[in-house]
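Here the structure is laid out as structure tokens; the discussion comes afterwards.
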Amino acid sequence: MTRITKLCVLLLSSIGLLAAAQNQTETGWPLHDDGLTTDVQWDHYSFKVHGERIFVFSGEFHYWRIPVPGLWRDILEKIKAAGFTTFAFYSSWAWHAPNNHTVDFSTGARDITPIFELAKELGMYIIVRPGPYINAEASAGGFPLWLTTGDYGTLRNNDSRYTEAWKPYFEKMTEITSRYQITNGHNTFCYQIENEYGDQWLSDPSERVPNETAIAYMELLESSARENGILVPFTANDPNMNAMAWSRDWSNAGGNVDVVGLDSYPSCWTCDVSQCTSTNGEYVAYQVVEYYDYFLDFSPTMPSFMPEFQGGSYNPWAGPEGGCGDDTGVDFVNLFYRWNIAQRVTAMSLYMLYGGTNWGAIAAPVTATSYDYSSPISEDRSISSKYYETKLLSLFTRSARDLTMTDLIGNGTQYTNNTAVKAYELRNPTTNAGFYVTLHEDSTVGTNEAFSLRVNTSAGNLIVPRLGGSIRLNGHQSKIIVTDFTFGSETLLYSTAEVLTYAVIDKKPTLVLWVPTDESGEFAVKGAKSGSVVSKCQSCPAINFHQQGGNLIVGFTQSQGMSVVQIDNDIRVVLLDRTAAYKFWAPALTEDPLVPEDEAVVLIQGPYLVRSASLEKSTLAIKGDSINETAVEIFAPENVKTITWNGKQLKTSKSSYGSLKATIAAPASIQLPAFTSWKVNDSLPERLPTYDASGPAWVDANHMTTANPSKPATLPVLYADEYGFHNGVRLWRGYFNGTASGVFLNVQGGSAFGFSAYLNGHFLGSYLGNASIEQANQTFLFPNNITHPTTQNTLLVIHDDTGHDETTGALNPRGILEARLLPSDTTNNSTSPEFTHWRIAGTAGGESNLDPVRGAWNEDGLYAERVGWHLPGFDDSTWSSVSSSSSLSFTGATVKFFRTTIPLDIPRGLDVSISFVLGTPDNAPNAYRAQLFVNGYQYGRFNPYIGNQVVFPVPVGVLDYTGENTIGVAVWAQTEDGAGITVDWKVNYVADSSLDVSGLETGELRPGWSAERLKFA
């Protein structure tokens, strides 16, 4: 009762404050727009697009984590196929700005216009999230690393240096987006300002003390976006429920956006759940979070919006191989996403829906190469149970129009006859449609509970099911029980089976319901009198019909498979168990993301994936994927005479109830060639006294001051970013005269970093790294007779960092914080010798962006990379051959580069996914770091001493599926024991597919070697 009273007070106050300036909805809540367009509006209930309410079910993908534009279609088609109305993406400033005078939105995978065009073609809205800061477990949170020196201030504020830095990128990104807004007939419907920037207040938000610096920064971004053509609403995402930032409903402070949202990861955003206790409290599996009161307090006149809700978790360096998918698997999907509906959330974007790969130097130190994120679409682009489980809800929310406008009427166990089960009652105030979200009273409990439910319907108050039996929650599950649900011109009075979707075909409705396998369901169709079973799954028991009070009640138990019931008034009801529902599809025959029922869908049962369908005259063209021979059944208009699957006509038969049946053939099998011959060369000549470091690969490290707020303990400044070298491996050569007994080094490189040291070609030792240590010091004592008392000595430090920290840590330096020589005679208080000078080498060309296609992330400073051994076309004919193909091994502390070429000839008409598998042979040393290169792309960081990732998916486009492939492996042994590594690859899946990956034009993504590289030796 307290909540209802509070809601009324808020409603009255909002009307009083806003009625003069805003339109009113049917219930009195103010209807907002941004003053620039009414194409997008919103109120307490939901977003409206072109005047129609929409349940925004969205998912995130990052185009820069899959740098093959031809595969963006694959990801977006899979998002659309699952029933999502929307997708979201971060754009990455770092990806588009390799240096402070370049903004590139045209080269290779930097041209983002195909994303907008695909959204229009496929029929999905877009939430654009341009940063400039994005977090995203990306190095420096997506900032270009040239920004991290301190020369641009402390960042994320109104400092003019920082402002002038972000403007070129932000203005170009905004200008491109402005052409693809909903106001221009395209599909961008909101634009996020910054990211998880909850800094509006200087202290506790309840005290309302403005942070004028943060406000000025937000206003600069908002002004820039408007000046460069953005007309759609601005959004912002609070990082947690404590920030209370940027809501017009909460305060009239500056910087507020149009619609605010909340990011939430109730099961922790990382597989290491201890990292989330400061935000979430102690981790308790399946513990849901109350959001209703938060939104009612913070943003009552806006839709309850979650710009990021947990779609999975990233895997930290020491996390398990393959991630922690069980933590956010099908039970998490089923329970938590329905729980959000119980909390009146009508706009929700899953982070991530497709994660991708931290290829090159994308990653922040918190994670390794994989960014699979345990997402519904896996890193290798496959789909499985989590994707299908998500589809069960997203198809429902797309079809449940009345769900976009509901009030929370009540909640508790009083709705059920089982105190272990509670329900949340949502009701549409206009249509009186009801949605009862049921779950365990204690969400952490996964017991098998049977119950009946008290519901309010247009036929009165009922207890359902009515014909006996029960509703069941078996495990960590939730069910949404609907009442007075409209499908076409008909009304579902109630259903204890969940609604999957419906279609109006030839002006006749087909309703699709599902239950978990072997569970029962009951539904009542208003005004219907009779029904019959026209198809029943093989092991399903009888389906019962009962006419009561002018309505037809149908009771059933659904074993594995599909049943079909025909009801008078030309109503068809399809009954599915969970396994059949997983493979049930509703491709839209329209580009409208709202999928109006008069433009409708067709319904298809059976395939692994249905990407799309189109109808022309009497031919229904279906595009999709099959991974084995599959029986399919299609519910389509009566005039359909021909069905094609990926352009090939299917032999069909017609069922007695009007569906069409066919069989899709299995795809061809694929056998990958074996790696049989490798070449090898030494990739650390810099350790040798004879090496000449005077070439253009090297830069004097001679800065005696730094703008970085973290000052070094010794000079010169040995921060790699100061000298234009930003990624991974950097090499430092320090010179001194006379003798010394050793050196003390303090190096900072992020979690899991490491370094090794050599004096005059002699190996001194290594710091091997630790998944939780970002900075380490080491004292290396010099062996006798290694130093040259009368000539110059050279210390080489090879240092590997794992990216820049996120948020306020972006400026944390990478490099040597302290370097001190130890005196040779400690008994006579002799003066410590000093380094005379230092030089540094890193990525070939530094910030010059020598390889604009692969980009600034791709390469480190290893000799092999600088001179281009990893690139296609390099001549390795003079190299030594490896004696064994089973293991690439050597002794001694150095870096070796192994190289081979191998052909592929993948047939047309298939989608094929391939992963590399790296390992360490039994009893071989594991104190090494390896990098996998595929046709010039660094697509794997393998660190068996610290990490557990061994499988590295590599997409087509990086791999050449119809030609020669150059594979390279750089192996850095950090002890004299050397290293041994195994390299293999595997097929993840083969599908007969409309995607046809071998037909993608990707040659321009793999530029080859040129002699220009030799100058960086």
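Using the three backbone atoms N, Cα and C, a Cβ is placed for every residue, glycine included.
Given the structure is predicted, the values throughout are model-derived calculations rather than measurements.
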Second cysteine of the disulfide that Swiss-Prot assigns to Cys271, among Cys190, Cys276, Cys324: Cys324
Cα-to-Cα gap, Asn456 (N-linked glycosylation site) vs Glu196 (active site, proton donor), nearest whole Å: 40
By Cα-Cα distance, the member of recorded positions Tyr90, Asn100, Asn785 nearest Asn737 (N-linked glycosylation site): Asn785
Number of Cβ atoms other than its own within 10 Å, given for Asn417 (N-linked glycosylation site): 14
Residue, out of the recorded positions Asn158, Asn195, Asn211, Asn456, Asn737, whose Cβ gathers the largest set of other Cβ atoms within 10 Å: Asn195
Winner by Cβ contact number (other Cβ atoms within 10 Å) across the binding-site residues Tyr90, Tyr265, Tyr373: Tyr373
Site extent for substrate, whole Å (max Cα pair distance, Tyr90, Asn135, Ala136, Glu137, Asn195, Tyr265, Tyr373): 19
Those recorded positions listed as Asn135, Asn770, Asn777, and which of them has the most Cβ atoms within 10 Å of its own Cβ: Asn135
DSSP three-state assignment for Asn777 (N-linked glycosylation site): strand
